[in-house]
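Colleague: Quick one: the structure is below, and I'll ask about it shortly.
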Amino acid sequence: MAAEIHSRPQTSRPILLNKIEGHQDAVNAAVLIPKEDGVITVSEDRTIRVWLKRDSGQYWPSIYHTVSSPCSCMSYHHESRRIFIGQDNGAIVEFLISEDFNKMNQHTHQGRVSDMVFSLQSQWVVSTGHDKSVSWMCTQSGSMLGRHNFSSWASCLQYDNDTQHAFVGDYSGQITLLKLEAQTYSTITTLKGHEGSIAALWWDPVQRWLFSGASDHSVIMWDIGGRKGRTLLLQGHHEKVQALRYLNLTRQLVSCSADGAITVWNMDTQREEAPQWLDSDSCQKCEQPFFWNIKQMWDTKTLGLRQHHCRKCGKAICGKCSSKRSTYPVMGFEFQVRMCDDCYNTIKEEDRTPLATFHEGKHNISHMDMDPTRGVMVTCGSDRVVKIWDMMQVIGCSIATGFSR
């Protein structure tokens with residue numbers, strides 16, 4: 001339960017509208033109910049709650065349901081008012097929110113369900129779990145249609161309704177693209193680029209862009225629809241990126257991390273791909289040997305140097321030849337990074353103009369949902385608190401909000 005915090009002032013930062021408190025453990029997912037002042041939450045305390053805003057400005061649970069195991073994730077379909085809950089024991093439970101009864105209880109995983117997507121078009125629930133698998137089942141018959149196993153925990157999921165492609169991120173840092181069929185599947189490709197486990201995915205079927213956030217603090221945009229297979233690196237977080245949402249209306253990406261940081265990226269601009277790091281046994285500027293180059297060290301009677309890389313050109317360089325640091329937002333580097341002296345000297349002051357804005361949510365954010373037409377965002381995490389934000393000024397949305405104050 002919470003009181004209203006602010007009315008809508010004219011600023012360019014997220015405004016905390018409400019805080020919902022009442023869960024006894026971490027809140028793993030929270031979604032906004034479209035066109036209503038309502039939020040659905042699921043928690044480790046084994047409860048599913050539907051919160052509606054009262055005339056007093058406070059949110060109170062109109063539906064409170066307890067299940068047999070901690071709730072790990074949720075998929076909500078507004079038109080059919082169906083909620084699918086993934087649980088710690090591997091079960092997936094379906095509810096009809098208007099009738100508040102349990103329709104399906106199917107154990108699809110041998111471990112915790114990490115993510116799920118419901119497709120009304122195919123009447124499938126696609127889910128991932130800590131049993132290192134992705135599975136898909138028919139909600140009409142309740143039968144399991146297929147399963148694919150990975151070498152590590154499957155952590156997050158996105159699904160394209162039209163093509164029946166599933167994107168699965170795992171703890172090894174890979175993203176696997178699968179084509180799902182009623183009784184079979186095929187592996188299309190594997191995307192590799194992160195240096196840590198994948199924590200969040202977002203698929204935009206219009207631009208055909210896939211966004212991934214990981215424990216390496218970075219976001220990568222994969223241009224799935226582009227013929228060249230372009231990838232863009234976005235570095236603007238200091239902690240694990242755990243929630244993503246691309247806003248087609250404003251061409252912006254919103255990313256949230258475990259330390260409560262909320263970053264809004266301008267994707268409506270020309271960006272450059274970060275270069276691949278080059279391999280070399282000696283500095284590609286001064287030609288001094290690196291410490292493993294025993295032969296050159298012996299021949300030149302010099303000590304080997306530590307290898308670094310210029311983030312702008314990708315060359316292997318020593319510390320002396322890369323003493324400068326700079327931001328370079330067009331390549332996704334919103335924080336200062338190492339550059340060789342030559343690249344540093346080519347950067348103009350206007351090249352350092354930020355292409356993202358940074359905000360503080362002041363709580364752990366493990367899940368986020370947005371309604372861009374109303375400019376409203378909801379965040380939740382391990383601190384048991386759900387926060388509702390006014391993002392209208394941040395995302396620059398010109399559509400009038402219908403979210404009552």
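Just so you know, glycine gets a Cβ as well, placed from its N, Cα and C.
OK, TrEMBL features for this one:
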REPEAT    20-51  repeat 'WD'
REPEAT    191-224  repeat 'WD'
REPEAT    234-275  repeat 'WD'
DOMAIN    277-348  domain 'FYVE-type'
REPEAT    358-391  repeat 'WD'
Colleague: State the mean pLDDT for the repeat 'WD' (358-391).
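Modeller: Taking every residue of the repeat 'WD' (358-391) together, the mean pLDDT is 95.
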Colleague: Counting CB pairs under 8 Å, which listed stretch among 191-224, 234-275, 358-391 touches the repeat 'WD' (20-51) the most?
Modeller: 358-391
Colleague: In the same chain, which residue numbers or ranges, 6 or more beyond the ends of the repeat 'WD' (191-224), come under 8 angstroms Cβ to Cβ?
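Modeller: Counting only partners 6 or more residues beyond its ends, the repeat 'WD' (191-224) has Cβ contacts under 8 Å with 153, 155-162, 167, 169-177, 230-246, 248, 253, 255, 257, 265, 267.
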Colleague: For the repeat 'WD' (234-275), what does DSSP give as the number of helix, strand and coil residues?
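Modeller: Residue counts for the repeat 'WD' (234-275) by secondary structure: 0 helix, 21 strand, 21 coil.
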